[in-house]
């Protein structure tokens, strides 16, 4: 007897095929969803697990932890700066001209310090905005892990975590401040710096001196490892200024404060801020005011601004305006920095400095 056959109508074949496609689509879409979840679609790659906990980690950052990593980053960058300088192989080149017509120099010290500092901070806090003086080459990426240990001196001053929204944070890195002086082997002026701003206001500042291995840090409304000096001269101040335009400031300063005023030409914005403080470093000069009259980058001044602010001091434009650390990377209005002085009275005494700086 012949075997019994099964005959399907064309409609049945079509239904069967559609059901099969539906099953395959369901399985494949589930697989893709799992893959996208694993790799964090819509954000940066991260090592944490997916789900509510990972979202919470991205949403906030602890400023106390950021301070600990910023100190470590400044020191690690400083190690590179010192190593390159002591090798005496700087690979010096020019990035172009500054607005004043001077060479804007870059060395291997700048590049290697920048890589250490940027990737240490970016690995620890992948969701925050980081602005740095030097270009970051993605092909030269380095994963530098933080051990999540907060130094005892920070824990002593700042006893509890201080969380803020990650989206409100901007980090400013200067991997080598005073590059010109670095190439001239004027080591005392050289610093590495990290600043953390929240909603444009400087709240954490770290200034590290690689060649004396001194580090100053402070958190606004938190604590610090540095303090102001006991006294300052407001009538006949010692004024620290850039080496490149000391004569320009001297002329106006002598007219304002008298012939007893001392002008101290120096390199590096970080060095100049430390000159206003009680710093246990024999190579550090002392000043009562810091004045700058030309365009300056925010990574040069943010850390010093945060430290002064934490200690009750002030850093403003020459017209007395607060400096916002969002948006553009520089300011046009010069700056005036002071501590334990009537800052606004000083602003009123120096009405012509900004105009002088643009001449």
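Numbers run from 1 along the shown chain.
Each residue, glycine too, has its Cβ placed from N, Cα and C.
Among the ranges 87-106, 107-126, 147-166, the one that TrEMBL lists as region 'Disordered' is 87-106. Comparing local CB density within 10 A for the binding-site residues 133, 174, 177, 300, the maximum falls on 174. Neighbours of residue 176 (Mg(2+) binding site), defined as other CB atoms within 10 A of its CB across all chains, total 31.
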